[in-house]
Each structure stands twice: as C-alpha cells, then as structure tokens.
C-alpha cells in the first residue's frame, strides 16, 4: 500500500522540453559546441527549475537554474567543452531537468530546494548525442556562403547603369540642340559667303568696265574679301566637329 501511494504521489514533469529526450552536439569538437534546450511552462503557476549533468567538468550551462512564469519559455544554453572525439566511444553523459512548483513569496532558491519533499519534485532525463558531420554536410554548409556573394555581385553589378543612362540622355539632348544651332549658324554663314562671292564678282565686273588698268587693284580687293567667309566656314566646321566628337564619345 505504501509503495502504491508513493507511486501515485509522484508528479509528472510539468514543463515541456524541446528537445524532449536527446541533446545533440554536432562536431567538429575542436571548439566549444553549443546546443539549446527550451523549457516551456504551460501551467498557471510559477515553476522553479535546475539543470544537472553527470559530467559537470565537460559542460557549461546557462542558466542552470531559475523560475519560469506561467505560459513563459526559458532557453538554456548547454556548451560542450572541446575534446578529442573518438567515434568508437559512445557518450554516457546525461542531463536531468528537475522542477518544483514555486511557493508563494519565493526569495531564497536554495532554501526552496533544500526544503522540497521528494514527492514534490518533478524530473526529466536527457542523454547527450555526439554527431560528426560528413563530407556532404560540409559541402552543403559551404555552398550557401559561396552563393551569397555571387548572387550579390550579379545583382549589384548592373545597378549603376540606369543612372549613367539618364545622364547620357540629358547630355545627348543638349548636344543635339547645340548641333542644330550650329547647323543654323553654318547655313547663315554659307548664305553670307554666297552673297559676298556674288558681290565680289559684281565689283570685279564694275572695275573692269570702268577702269581697265585697275586689274591689280580689283584682284587685290577680291583676295582680301574672299578669305573672310572661308575662314568663318572653317571656324563653324571646327565647332561642329568638336561637339559631334563629344556626342560620339
């Protein structure tokens, strides 16, 4: 009867553990390896907890004790210290999560655990599992890190182009307007050149008809007036060539 009543008095674990049974540590184990244990309190009462291990020198647990409010979750970080991994050696390390409902006005946690009765305690046990990554896992871990900069470079490469295109369009419009203006000036200069040439011919005819002996003077006059429009045409051509060259570049 006593054993039956003792068994009935044993409380089931009130917290929900994630993971529920195994704490998995993934190698290589040349550095500290951390795994997380989540403790969720689904009840409407505060719950005190503490985490124990069979190998306290091999692990660092933060936090290793505390109080969980109703409906809250606490994440416990379990840190495995570096060691020489032997695949033929099976891990015998275990953890235990021990809990008790927090009494009213809890202030001294040590006193709570010391004064706790065995039938008030709830516990869950977890075993430690060591996993060594294979070559495929290593390649899979490396591929995403390589893919990120490649995708980023493809996306980032063409980004400046729209800005440069808009600048070229604006510059093109300005150059086209300038070319049209210079073409108009060139047409005016050609018209003036034609007019001056006709005027020169008329003057030569008048000079020949009035004074036959003054051929040298008329020739001199023609040589002075003719280069002027030609020079203007050359200057206009230089300006047009300059702006067209800028447009092409």
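Cβ atoms here come from the backbone N, Cα and C positions, even for glycine.
Annotation source Swiss-Prot lists N-acetylalanine at 2, citing a large-scale study or a structure entry. Residues annotated as topological domain 'Cytoplasmic' in Swiss-Prot, with sequence analysis given as evidence: 2-227. Per Swiss-Prot, region 'phosphorylated FFAT motif binding' is recorded for 50-53. Annotation comment: Swiss-Prot describes 125 as N6-acetyllysine, evidence class a large-scale study or a structure entry. The region 'Disordered' feature in Swiss-Prot is assigned to 135-167. Swiss-Prot lists 166, 214, 216, 219 with the feature phosphoserine, giving a large-scale study or a structure entry as the kind of evidence. Taken from Swiss-Prot, the feature coiled coil applies to 169-205. Annotation comment: Swiss-Prot describes 170 as phosphothreonine, evidence class a large-scale study or a structure entry. Feature annotation from Swiss-Prot assigns transmembrane segment to 228-248; the stated evidence is sequence analysis.
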10 Å Cβ neighbour count around the residue listed as 'N6-acetyllysine'?
13
Distance, the residue listed as 'N6-acetyllysine' to the residue listed as 'phosphothreonine' (CA atoms, angstrom)
74
Restricted to the topological domain 'Cytoplasmic' (2-227), the mean pLDDT of the model is 79
